[in-house]
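Have a look at the structure below, then the notes.
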Amino acid sequence: MSGELVEGSVYFYAPNKGAPVFFAVAFAASGIYHGYQCNHYNSWRLTGLYVICSLLFTVGFIVREVGAFDYSDLVKFIVSTCVIYAAPPLVALANYTILGRILYYAPYHSPIHPGRVITTFAFISFVVESLNGAGAAHVANMSLPANLQEIGRSLLKAALVIQLAVLACFVLLAVTFHRRCLRAGLRNPALLAPLYTLYASTLLITARTVFRVAEYWTVAEHDFYSGDIDPDDLSPAIRYEWFFWVFEASLMLVNHVLFNVRHPRRYLPKSVKVYLSPADGATEIMGPGYKDGRPVWVTVLDPFDLVGLVKGRDESKARKFWEGDSEGGKKEGSRVGEGQV
């Protein structure tokens, strides 16, 4: 806690031995409850990633706990770092899935085909996850040559910057949808409650990512390979362990518990074909579903169908099934009072 370099420690400091136990147990408990909720709500496709992320965090903190008793062990440090850093991009991917599910509930106000939120952002998340894993492995392994460690830092920088850009696009999409709903007078609690939860989750993820960006930019300023570094010149984010526990572990744990408490299936219907009637914003209607006739790979690369707009082809006209809901839709009843914002 003094910020002084501990000789032989790959962490810089002597790592805390109690915190990893707490977070391993906490993430395991949250993950078990997420698994129960996935079974209870039949929502594995919607929130199943939170079970996987909880498992990754649990394993990562268990390995960190073992490494805390031998803080010169580089292998344990690399494993725990890679596993823990692999989870947050998957948490963000889970949020993209949930936003897509919200858009299905009021598709007439969605700026984008709801299914494209998942496919497009999933593709970007795959790229981020690949960069993140490769970068963390290179940076954590101090035995690698200087040029390979520099490549690792560059990969992590790229991954973190892309995450921030994607988060900005995600918030823009959610806010645009939200404003359209409010302008149309659609204030159904079952729709707004999961949206507010996503805002809170995105704020937590953004805070964590901004910290990571600042931390790695600081790391990149120093040549650790040469060994000629004054510890006092290093950023407090590197010298003090509490930064990791606050901005990495705690923020992600709060995010997991947030979705335990405000699980999206408490508010949203099971089927993506069920949507709110544009007429009253309360009655649920079973429709044919939001379809896109273009190939999947095309929708991933061009989610807004910009090519179609340029060519004068409006694919959205064939997808506006809600305009005939009074005739072709099956009314499912109202759920306005089910979820509380």
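For all residues, glycine too, the Cβ spot is worked out from N, Cα and C.
Sequence annotations record features per position, and here TrEMBL assigns compositional bias 'Basic and acidic residues' to 321-335.
Residues or ranges marked as region 'Disordered' by TrEMBL: 321-341.
Same-chain residues lying 6+ beyond the ends of the transmembrane segment (20-36) with a Cβ under 8 Å from its Cβ atoms: 47, 50-51, 53-55, 57-58, 61-62, 64-65, 68, 245, 249, 253, 256-257, 259-260. Residues annotated as transmembrane segment in TrEMBL: 20-36 (among others).
Tertiary proximity for the transmembrane segment (43-63) is limited to same-chain residues at least six positions away from its ends with a CB under 8 Å from its CB atoms, namely 20-21, 23-24, 27-28, 30-32, 34-35, 37, 76, 79-81, 83-84, 86-88, 90-91, 93-94, 97-98, 101, 249, 252-253, 256, 259, 263-265, 270. Residues or ranges marked as transmembrane segment in TrEMBL: 43-63 (among others).
Residues or ranges marked as transmembrane segment in TrEMBL: 75-96 (among others).
Feature annotation from TrEMBL assigns transmembrane segment to 117-140 (among others).
Taken from TrEMBL, the feature transmembrane segment covers 160-178 (among others). Beyond the ends of the transmembrane segment (160-178), by six or more residues, the same chain brings 89, 92, 95-96, 99, 102-103, 106, 109-112, 117, 121, 124-125, 127-128, 131, 192, 195, 198-199, 202, 205-206, 209-210, 212-213, 216 to within a C-beta distance below 8 angstroms of the stretch.
Annotation comment: TrEMBL describes 190-211 (among others) as transmembrane segment.
The transmembrane segment annotation in TrEMBL covers 242-261 (among others).
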